[in-house]
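Step one of this worksheet: look at the structure below.
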Amino acid sequence: MKILLANPRGFCAGVDRAISIVERALELYQPPIYVRHEVVHNRFVVEGLKQRGARFVEELNEVPDDNIVIFSAHGVSQAVRQEAKERSLTVFDATCPLVTKVHMEVARASRKHMEVVLIGHAGHPEVEGTMGQYASDTGGMYLVEKPEDVVSLQAKVKDPSNLHYVSQTTLSVDETADVIDELRRVFPKIQGPRKDDICYATQNRQDAVRILAEQVDVMVVVGSKNSSNSTRLKELAEKLGTPGYLIDCPQDIDPEWFVDAQLIGVTAGASAPEELVNQILDRIKELGATSVEEVLGREENMFFEVPKELQIKQVD
């Protein structure tokens, strides 16, 4: 039994930046440091930050006055930003710059009183934050998830000639393309972003799974169940005909998965650390894997700076 390791996998630049922001804030300002929502969707990472003094909350009313709060990588609505400002909370923004790009697209469309369609999953914090960028009283913003959702928009959209679409950054590339095709069919004049909203890391990790799924008998995806991009990797493997399993830790592995397997694929979502991947590999070796081969893939060199305040403090 052999393991094929996907490349690229694991942390993306946005996740790396978000975690660094929490770590530096803890070092410089001392705990507790409050974080609105899980800074990234990974249980291993969140538990580690909790042990160091981070306190994760869902709403700003859980943050005491005169404290620091960090916004998660998924972004927040303008209403949340305004609330933090009114309470004079010290804010460090860990929103992924690629999510911020989508926020700016929505805000720009809102100022032009265009209607906006967001392709995304209801209830996901990134979707809530993106929807919360829209402020036009005369337009409207609508959420769709599947191509079948698009037809119902015909009764809602006021001006099909003044319509714009954006998407959640962590979706399935193929499924998003299907929704966009349907939007363009139903609304021929709809406008979209100059560059695809699906983030580079989401695209690259899905491409790596496509390569791996053709070769392996089983695909193991390291990531938490509330991680959108990790879930999409599992779903993609299954769509390509390979059994996929999404796991948070080595203890989640069922030896039965590998009974008839000769090649096991392993990848990790953008919020899963390499330390956790190594633990998973060790467990699969205990179950009989004799070697690990890393598959060649697209090289990533993206890097996002942390806020200047934390950079300056670190120098001092």
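Glycine is treated like the rest: Cβ placed from N, Cα and C.
Together with H41, H124, S227, S228, N229, S271, Swiss-Prot lists one candidate of H74, H103 for binding dimethylallyl diphosphate, that being H74. Within 10 Å of H74 ((2E)-4-hydroxy-3-methylbut-2-enyl diphosphate binding site), counting CA to CA, the binding-site residues C12, C96, C199 contribute C96.
The C-beta environment of E126 (active site, proton donor), restricted to residues of the same chain at least 6 apart in sequence and closer than 8 Å, consists of H74, G75, V99, G120, Q168, T169, T170, S228. Neighbours of C199 ([4Fe-4S] cluster binding site), defined as other CB atoms within 10 A of its CB across all chains, total 25. Put simply, C96 ([4Fe-4S] cluster binding site) is 12 Å from S271 ((2E)-4-hydroxy-3-methylbut-2-enyl diphosphate binding site) when counted between their Cα atoms. Around the Cβ of S228 ((2E)-4-hydroxy-3-methylbut-2-enyl diphosphate binding site), a 10 Å sphere holds 24 further Cβ atoms from the protein chains shown. A simple Cβ count within 10 Å picks out one of the binding-site residues T169, N229, S271 as the most packed, and that one is S271. In this structure, the CA atom of C12 ([4Fe-4S] cluster binding site) is 13 Å away from the CA atom of S227 ((2E)-4-hydroxy-3-methylbut-2-enyl diphosphate binding site).
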